[in-house]
Ligand SMILES: C[S@@+](CC[C@H](N)C(=O)[O-])C[C@H]1O[C@@H](n2cnc3c(N)ncnc32)[C@H](O)[C@@H]1O
């Protein structure tokens with residue numbers, strides 16, 4: 001796993017998704033070296049870099065050109081990127097040209113979540129996994145309802161992580177923002 005502090009960051013690009021959350025996503029994805037992964041809303045590239053290390057192919061999409069630039073810089077920093085394609089576009093548009101997906105991570109969707117999930121469902125291989133991360137309550141509800149309407153049996157996990165800072169006089173626990181991880185597998 002990469003440390004959160006290892007990533008090059010930009011004040012205009014969110015991320016990286018925190019290390020503990022990346023670890024849960026990797027575990028839930030059951031990624032294998034032949035998998036084709038799509039990271040929709042790649043931001044700083046936290047998820048993209050972890051999957052680039054472990055999957056066969058990664059396609060990372062973001063509407064923000066600066067996110068694509070930062071993700072590219074982080075891939076280069078970690079000596080990754082040969083198996084990664086970066087696309088500066090809306091996920092709902094870029095996904096139309098991508099087939100045979102094994103794992104789809106949706107970490108950013110704007111107001112396009114339902115459209116994105118419709119296309120992901122169409123392009124996902126049998127036994128393919130969908131993983132959605134969300135901070136907004138509304139996004140969590142929207143994701144679960146949409147997955148149900150597409151015939152999935154979604155799971156949701158809300159994660160609250162605190163990391164300890166060891167001080168001279170004791171250990172101070174510092175909490176991260178809670179985040180939900182929704183997962184589903186195609187039959
Ligand atoms: C919270 S960040 C993702 C952080 C990322 N997982 C990481 O580890 O750095 C969400 C990203 O989704 C992007 N985004 C929002 N709506 C999008 C859409 N419809 N299509 C593609 N990217 C989108 C935003 O520009 C933003 O960079």
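Placed from the backbone N, Cα and C atoms, the Cβ positions cover glycine too.
TrEMBL annotations: computationally assigned, not manually curated.
Residues 41, 42, 43, 44, 45, 62, 91 are recorded by TrEMBL as S-adenosyl-L-methionine binders, and the candidate that the same record lists for that site, out of 17, 34, is 17.
Long-range Cβ neighbours of residue 45 (S-adenosyl-L-methionine binding site) (same chain, at least 6 residues apart, Cβ-Cβ under 8 Å): 7, 15, 16, 60, 67, 70, 71, 72, 73, 74, 75.
If you take the C-beta of residue 17 (S-adenosyl-L-methionine binding site) and look for same-chain residues 6 or more apart in sequence within under 8 angstroms, you find 25, 43, 46, 47, 107, 133, 179. Same-chain residues at least 6 positions away in sequence with a Cβ under 8 Å from that of residue 91 (S-adenosyl-L-methionine binding site) are, in sequence order, 40, 41, 61, 63, 106, 108, 109, 112, 116. Classification of residue 91 (S-adenosyl-L-methionine binding site) by DSSP places it within a helix.
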